[in-house]
């Protein structure tokens, strides 16, 4: 019922002037209630359709970005063969790529808050296309470092999982964990499933054909991305998927603070919290044990044991297939259980699997290696959904993307160090055994460190997203 207007503490009825029509109470009629319900239902359906469309475009961008970045590991041996470069030299270029890729993430997240996701990702695609195309005319090692590091590292860093976390937080109020699981699976899919194709191109027409293919696809994706993506549901007059209509809408106005300064300010605030350093360390270990070690060195390590490179690349692709299932399941679990406890299990089991991989590699694929491939695939980036959830729970939704950007930077610094260290271990000892063992130990330490994290406040019932608690 409409409240009467008043100018004082007590509301008085409005007077009706002569000749005027008395005000009619605007209480809902029998016909208006169903109409309002239908309108709300239609708006919810439109929001859901648009949110999942944006999620699909984001998923494709994550697949593409990861595939572009993974070409570096696939081209190591062809480049060494043509230019006479050593494994430590090319591993150093891969390390530069991984570190720049990671360090780009927090600044890219801040730039997305300032300039919009659509424009920043389009710029990343163009930078990747330029870097990949220019590798075909390089002749010196320093050029490889610049092109793989500055160009491809920064370009694909814009399309890293931090970008996916921002989209999930903006467009989804429900099922955020599941969406991040899908995005994480897409990232691993791009890293691993396309490796056999890239290796085939590198060994048949030549590595330049593989580089040009990446450049062409990245450039072609730009107009498709600009036409289909939307930065925020509020830009289209919609609410995030699953949001209660009574919940207040966040202010979509971009921050006037420069992107680089915003990233640094958020880092300074987060660095005062113990939970940030635990998340950064554990994700450092995640990067060490996946992108830096297994993704970069599994193919040459398997080749050391007599396995053909194409077979080893196929095994990495199978890891990618199982990773899709693992990360989606991890996202589903993150919506229902304590993410810190999930991470304890993930890192502990990963460490156990790495203890035995060196004894499983052989010229032919034996049953124990299949067990490792399936298990490691399920665990590959299952760590992402619970890590994103902890960032959101402890630092709030407005800062979660940038905080996760810094945590992700630690992930890729770990990957870069592992890439270099494993190459040095291989050259010094003639084997990767010590590299596998050190990664296993680090995973065990990561699992133990997570035991002290507690989610701020009570966990919500199944199917409900975690709230915006700041944590302590």
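Cβ atoms here come from the backbone N, Cα and C positions, even for glycine.
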With TrEMBL as the source, which of 11-32, 209-230 is set down as transmembrane segment? 209-230
Contact between the transmembrane segment (145-167) and the transmembrane segment (314-333) (3 or more Cβ pairs under 8 Å, separation 6+): no
Per-residue pLDDT averaged over the domain 'Major facilitator superfamily (MFS) profile' (53-458), given as an integer: 85
